[in-house]
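What TrEMBL says about this one:
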DOMAIN    1-78  domain '2Fe-2S ferredoxin-type'
DOMAIN    78-117  domain '4Fe-4S His(Cys)3-ligated-type'
DOMAIN    137-170  domain '4Fe-4S ferredoxin-type'
DOMAIN    180-209  domain '4Fe-4S ferredoxin-type'
DOMAIN    217-272  domain '4Fe-4S Mo/W bis-MGD-type'
Amino acid sequence: MINLKINGRPVQVEEGTTVLQAASKIGIEIPTFCNDPRLKPDGACRICTVEVEGKINLPTACTTPAEEGMSIWTESPSVVEARKEILNLLLSKHPMDCLTCSKSGTCTLQDLCYKYEIKEPAYTAPTTVQPIDESNPFYYSDPNKCISCGKCVRVCNELQNTDAISMVERGASTKVSPPFGMSLEESECVSCGNCVSICPVGALMPKSKEKFRYWETKATQTTCSYCGVGCQLELLTKDNKIVDVKPAMGKSNEGLLCVKGKFAFNFVGHPDRLTKPLVRKNGKLEESTWEEALDIVANKVKEVKAENGPNAIAAFSSARALTEDNYMMNKFMRAAIGTNNIDHCARL
């Protein structure tokens, strides 16, 4: 075990632990843009710089391994000055439209500028307004708001294993883009939206059909209803209506979602969603009671089984039903009807 001090507080960690992880262990928060515990440490944003006694430079906490006897300061005057300088450099070419930005309230850049009392940028860099890529049907990419932390690239490459985007060009011209100047629609993007969920600023945002602010929403953790994986997610609701979805940490998904879990939530309140059973009468589907509908199904099943045998009957169950419901449908078909003709809409 390694013993060190952070802000004067002793902490003991295992070998290979980073300074950032050691600080987190004792409840000391170090700001980050590019860090995520699921990703390899990168140190791209440098906002997590700390002061280590005996060293001249300010190393990044996310990439610096803890060493025996270290004494670290996370909010010393030199560290605060360095972070302010980094924030000012980021703001020098960042749009100052926080009043209307959809990310307002959950933007890490906004939060850190508030924390370090930066009201306006100290510098103004020459910038060219870049076109917003709206080719993807579910989200858009605004390179003007990108801070080049590379978080989206790494989640796409390391966790999603898609490699749809990368950091292109160099220096002040560095940006996130699909290869060879392709649009997001033309790229290998599978629209999982994990880059959108992980972006610390407003560079990647969902194409929301509802107008809302994040502080107006209520978060409810639940299980995705699309398939049997059981991904955990948070439904963000406003006025009892789902307006956005965020991935939640769970054993099955580890904070990731697919395109259906992330973006396909409008079915909940869709006008085409059935709320009552339909029975065909005189060639037309008409609303019915559950009692009438179940009686018709039961009689038809008995009739078909008697005339043609159990294998003339098949069932198709829904991923949006409870696991227990799907189990009972399976049991009903195999034990009561006597057939293996059952399938599922999200068979993996």
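Note that Cβ sites are derived from N, Cα and C of the backbone, with glycine treated the same way.
Distant neighbours of the domain '4Fe-4S ferredoxin-type' (180-209): 33, 36, 94, 101-104, 107-109, 133-147, 149, 151-153, 155-156, 159-160, 162-165, 243-244, 246-247, 255-259, 262-263, 266; these residues of the same chain sit at least 6 beyond its ends, with a Cβ under 8 Å from one of its Cβ atoms. Here the domain '2Fe-2S ferredoxin-type' (1-78) is broken down by DSSP into helix, strand and coil counts: 9 helix, 19 strand, 50 coil. Counting same-chain residues at least six beyond the ends of the domain '4Fe-4S ferredoxin-type' (137-170), those with a Cβ under 8 angstroms from any Cβ of the stretch are 33-34, 36, 38-40, 42, 44-45, 90, 94-95, 101, 103, 109, 127, 129-131, 176-179, 184-185, 187-196, 198-207, 254, 256, 259, 262-263. Averaged over the domain '4Fe-4S ferredoxin-type' (180-209), the predicted model has a pLDDT of 95.
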